[in-house]
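A.B. asks: Got a structure for you, questions after.
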Amino acid sequence: MEFKNTSEFAKSLDAKDKLAAYKNEFIFPVINQKEVIYFTGNSLGLQPKRSQKFVNDVMNDWGGLAVEGHFKAEKPWWDYHERLAAPLAKVVGAKPEEVTVMNTLTVNLHLLMVSFYRPTKKRYKIICEEKAFPSDQYMLASQARFHGFDPKDVIVEVKKRAGEHSWRTEDVVKTIEEVGDELALVLIGGVNYYNGQVFDMQKITEAGKKQGAFVGWDLAHAAGNIKLELHNWNVDFAAWCSYKYMNSGPGNASGIYVNEQYLGRKDIPRFEGWWGTKKETRFLMEPEFDPMSNAEAWQISNAPVMAMAPYLASLSLFDEVDMDALIDKSKLLTAYLEFILEAIDAELGTSNTFEIITPKDRGCQLSVFLHGQGKALFDYLMENGVITDWREPNVIRLAPTPFYNSFEEMYRFGQILKQGILGN
Ligand SMILES: *Cc1c(COP(=O)(O)O)cnc(C)c1O
């Protein structure tokens, strides 16, 4: 399709957009009496209007039924979390039994490492990407120390090549082969938070497993953003937060995936609690732990229902729309934003005004490296009703999300950006 940097053209794309009406399902912040152009769905997704009802329902049941709500609420609390598994499994390409919701992301990665990082004297190394999200770096280093190792001996970072902005799959695979039978675990962010790159999860998973290692993925920036096929890719485990593209609210509960080959087993080390034991016998309060035959075996505590409610609300939107339709729009919207950025750069004439550092293997995020303007431009955008995200040293991240961003906003953003650069 040939794009044009005009308001009419952008509106014509909106007119053809089958998901356009979903914008009305979300609540937008207002700056200077106008709804913002929101580019930070990769950091905190907007609030779906319907989530308030889901939360209120739980509040009302709690008020009206108190402890009886566990079994008598309209959506009983004792198995409330079960409702999330099927729609969430569709989002990440898994079987419903491979997925559950519990705790928060870094906590879940730690818990999954209890099962899937079992270092021995010979096989103890972990491969991750250089400059992984800080929480992941701290997690991996603390796990290495917990097992009595020096993180420097354990963690092997795959580096980008000098002068390049993204990782090459061949370099990841080569590192995996080099570490070989010393490799215990590969754990990488499936979509990099900084440059927006999508790793070739299928190839990397295959390469890691060929060396006899476990392979897991941190899908914080992937869930709800890109096409995932965790089951078909034979991924061992994964976890993701729900407050970025999944729109479930600040700091909200995390999803996990565990491959079906590990389900229903008692021989896998795990930190266990009563919500992981078989629900049929749970309330007999027996001393023996009998794991649930699905990913819920990794659940420890009874589910935080107040956190599940907005996640369930958000999943009902994903279920209506389905990932393929979201991804189709996402690709077009992001391509249009890229076109607008390039058009503005060309119009301004000063080459090197800014540079998109996100590779073509991407979700909806474009990371833009600013060569001139820096933080002042970010502040200008905010004052003019565009919420973006600033990362040191000089990067603005823009994530047009297919649920609630329009093509017309991409055009309008381009005009505001141009003014911001000319005026700064
Ligand atoms: C957002 C993000 C996190 C956040 O972890 P929490 O435990 O939810 O605070 C972790 N890892 C990655 C890669 C992220 O993008």
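Cβ from N, Cα, C; glycine included.
Annotated pyridoxal 5'-phosphate binding site per TrEMBL: Leu105, Thr106, Phe133, Pro134, Ser135, Asp136, Asp218, His221, Tyr243, Trp274, Asn302, in sequence order. The N6-(pyridoxal phosphate)lysine annotation in TrEMBL covers Lys244.
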A.B. asks: Filter the candidate list Leu105, Asp218, Tyr243, Asn302 of binding-site residues, keeping only entries whose CB is under 6 Å from an atom of ligand 1.
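C.D. replies: The ones that qualify, in sequence order, are Leu105, Asp218.
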A.B. asks: Report, in whole Å, the straight Cα-to-Cα distance of Lys244 (N6-(pyridoxal phosphate)lysine) from Phe133 (pyridoxal 5'-phosphate binding site).
C.D. replies: 14
A.B. asks: Give the distance between the Cα atoms of Leu105 (pyridoxal 5'-phosphate binding site) and the residue listed as 'N6-(pyridoxal phosphate)lysine', rounded to the nearest whole Å.
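C.D. replies: Their Cα atoms are separated by 12 Å.
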A.B. asks: Could you say which of the binding-site residues Phe133, Tyr243 has its Cβ with the most other Cβ atoms inside 10 Å?
C.D. replies: Tyr243
A.B. asks: Within 10 Å of the Cβ of Leu105 (pyridoxal 5'-phosphate binding site), how many other Cβ atoms can you find? Include all protein chains, please.
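C.D. replies: Excluding its own Cβ, the number within 10 Å is 26.
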A.B. asks: Just to verify a number: CA distance, Asp218 (pyridoxal 5'-phosphate binding site) to the residue listed as 'N6-(pyridoxal phosphate)lysine', in angstrom, no decimals.
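C.D. replies: The Cα atom of Asp218 (pyridoxal 5'-phosphate binding site) is 13 Å away from the Cα atom of the residue listed as 'N6-(pyridoxal phosphate)lysine'.
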A.B. asks: Please give me the CB contact count at 10 A for Asp218 (pyridoxal 5'-phosphate binding site), counting all chains in the structure.
C.D. replies: 27
A.B. asks: How many Å separate the Cα atoms of Lys244 (N6-(pyridoxal phosphate)lysine) and Ser135 (pyridoxal 5'-phosphate binding site)?
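C.D. replies: The Cα atom of Lys244 (N6-(pyridoxal phosphate)lysine) is 16 Å away from the Cα atom of Ser135 (pyridoxal 5'-phosphate binding site).
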A.B. asks: Measure from the Cβ of Lys244 (N6-(pyridoxal phosphate)lysine) and count the other Cβ atoms within 10 Å, all protein chains considered.
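C.D. replies: Looking across every protein chain shown, the total is 26.
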